[in-house]
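Here is the structure we will look at.
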Amino acid sequence: MANKKGKGNKGGKSRDDAAWARTDVIEREHMHNERLEKYYKAQNVLPEEEWDQFLETMRNPLPTTFRVAGSRQAARLLNDTIKDVHVPHLAGVVFEGEAVSPPQQIPWYPEGLAWQFNVAKKVLRKSPEFKKFHSFLVFETEVGNVSRQEAVSMLPPLFLEVEPHHRVLDMCAAPGSKTAQLLEALHAHDTITSSSIPSGLLIANDSDYKRTHLLIHQSARLPSPALMVTNLDASIFPAIKIPSEQTIFPSSTKARVAAKKQYQLLFDRILCDVPCSGDGTLRKNPGIWKHWSPMDGNGLHSLQLRILQRAMRMLKKGGRIVYSTCSINPVENEAVVAAALKSIPGFELIDMSNHLPGLVLRPGLTSWKPTVTREINTDFATYQDYIQTLDESQRASSKMLESHWPPSAAEAESLHLSRCLRIYPHLQDTGGFFIAILQKKPPVKAPASRGASKDPSEGKRTADAVEGLDRSDVKKAKLDVEGEAGKGQEADAEPTEDADEELPEEAMEDPTPPMEVDEATPAATSEPKIRFKKGKTAEGASAHFKENPYTFIAPDDPIIKACIEIFDLSSNFPASNLLVRNPAGDSVRSLYMVNDIVKSVVQHNDYARIRLMTCGTKVFGKQEGTEAKREGAETHFRVLSEGLPVVLPYIGPKAIVQADFAALKIFMESYYPLTSGFSESFQSMINAKANGSYVVRFQPGQLEGATLTHELVLPIWKSNVSVMLMLDKRAKSALSMRIFGEDITTAAREAAARKKEKSEATPDAQVDTPVLEEDTAGAPVDETEAVDVPETA
Ligand SMILES: C[S@@+](CC[C@H](N)C(=O)[O-])C[C@H]1O[C@@H](n2cnc3c(N)ncnc32)[C@H](O)[C@@H]1O
């Protein structure tokens, strides 16, 4: 998040400054906090000899860090541009007599896709080389190719190792910088021009309604049919229902009854990047020096624990949870992990300390001393010692829980708490951070004989797992059917190792949030214990959810048929995975596409119960411009630029036009270029087509010193005498900057003219420059959506 301007920030600093370099809210000499120092000294977080360096680093501004985002192939290409064009250009820059270092790759980030640099804001504003690099980054950030993100915040998704088939839950996801990384991992098989449709799923959730919009905006940068965004309290995240994938007909002689049961979707990977006191972000948010209190961490501990426990209940066997905070307080970190592991068996911390070579880490703490007061009283060695000092009447209302205290040394050892990972600011010039990687123990390999297993059900589950999911699913469903007829088979209906969990009856009638969790029983049951707020019913609670529902439209719906016709879509186009956002499925403006698992979730879960904010990606939009009407094109849909990579593999030759690099330049330089301005071959191709939406494949080439290194595929709209690139103007500018090294678009020329006019009229006025904000960049504006078909030029 960008820093807020504080009182110390005496007038006149532009947002640009704030975005790129720390805007101090307090002077350096005030960067002290006795309580903080006393508390952390008592925790022994660091050896004595590192203490001063640690505090000193905390007072220094953070270097600027960013990550090249997007699908792997596209990211590599952009990264090469940074490495081979920008960095050499920035090497050797001298500003006011001092050498300025160019950006450097962060050593531990895979494929060198993350960068850091440390330059004063006036260098960014005044050095021509850095100014140009800055503009490049601003544009690329706006279109989602670059993510300005703290280095340590990039870590949790790397430890999750998400693969395209994984079912992933990001429990506390907003504003979404880590969600973007998880999405990229799901889309690891995308190519430069087309998106894969991963078989996996990512549910990105946040309990803060407003922040879910930031999340939606952020994740729109990598549109995905595998994404769902929900707005739920993670500590009581409801069971997501999915049907069994098999339909069993138990006997050919009996009536053919489908044995379809509901299962709870279990996840392969869960990120718990929980709300925390954030003292690891002191370098970015120096205001924390003034306000830090240990009671923040003490107060958050219980929520953090409940969120982690809920995640553990929703994880598949062999699955992985990353629990992370940007706090260095053990009460928010190791204490939470220890309590969670003690409360729910079958999990272990895994040692991934060597996962990212080059990353300097410290092991987790095995002991700590919670303070029971704001003024740091760490005298109580155990919870019992503390609670006995309180009157009986005060005990029940005490905010301190047993889990604030460390386990015994032997327990800490057996829980392997030292496998947690700690990052301190002075180790590699970053923020402070904490990560724990928990695994639900994988299925045990089948023993030679079942008799060897102590737990009778364990041997059975193992055998199922070894024989494979399909087989075990079939068996389970079959047993369910027999159970209905013959009873007494409950034990055999145990969920299999790898399968989703069959839902108990209560979960089928799952109540709807908002709900309160009974804190006294954090993990005793498989579902959190819930009670409704006074006077609220499940229906009442859902009624507060005002988003539109999603409705699938039949593959033979006239709109879908029209799209199939216009875009020459191949027979394997997943037409049954298209949906619209309204209850009746009519008055369609946009068609969204989801993958199979998202479709299944949407179809089997009430959208208000799971507070579904958005899902899938928009692929087609209705063209509603005046010219479209004049041309009788009101039934026309156009392919949207964000959805194009998803539908491109299905688009047939009838809807595709080939063009060269020179044509791209013409499209860039004008809003509505006349068809007659293009090469003869392009003219003859486009003139032979009816007015409407097409896709252009621009071939690589060279032109006046600029190079198009790879094929580029973009949507256009053909009118009577002109053609238009259907790209919003920021995306167009970013593309121009990347390919031509400057912004040659009409919008840029017009903006430059306006700026000149303004500065001539009021020579002393400060002119706004574009801003690169961290994580929460920009307001959600979909300009492509707003584009009307132009009047013919
Ligand atoms: C540390 S931030 C998450 C940052 C995010 N993972 C990212 O990388 O951009 C914690 C988030 O948790 C959310 N939050 C707080 N309480 C929550 C709860 N009970 N359930 C879900 N989200 C919660 C906050 O709104 C906040 O967005």
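Quick reminder: no glycine exception, Cβ is built from N, Cα and C everywhere.
Automated prediction, rather than curation, is the source of TrEMBL annotations.
Worth saying up front: this structure is predicted, and the values here are computed from it rather than measured.
TrEMBL lists C172, A173, A174, P175, G176, S177, K178, D233, D273 as S-adenosyl-L-methionine-binding residues, and of the candidates D206, D296, D351 the one it assigns to that same site is D206. TrEMBL lists region 'Disordered' for one of the ranges 46-89, 354-397, 750-793, namely 750-793. Note on D233 (S-adenosyl-L-methionine binding site): other Cβ atoms within 10 Å of its Cβ, all shown chains, come to 22. K178 (S-adenosyl-L-methionine binding site) falls within a helical segment according to DSSP. In the predicted model, the domain 'SAM-dependent MTase RsmB/NOP-type' (54-441) shows an average pLDDT of 93. Note on the compositional bias 'Basic and acidic residues' (751-761): DSSP counts are 11 helix, 0 strand, 0 coil. Annotation note: D233 (S-adenosyl-L-methionine binding site) sits in a coil segment as assigned by DSSP. A separation of roughly 15 Å, to the nearest angstrom, links the Cα atoms of G176 (S-adenosyl-L-methionine binding site) and C326 (active site, nucleophile). If you measure from the Cα atom of A174 (S-adenosyl-L-methionine binding site) to that of C326 (active site, nucleophile), you get 14 Å. Just so you know, the Cβ of G176 (S-adenosyl-L-methionine binding site) picks up 27 other Cβ atoms within 10 Å once every protein chain is counted. A sphere of 10 angstroms centred on the C-beta of A174 (S-adenosyl-L-methionine binding site) encloses 27 other C-beta atoms. Here the Cβ of K178 (S-adenosyl-L-methionine binding site) has 26 other Cβ atoms within 10 Å, regardless of which shown protein chain they belong to.
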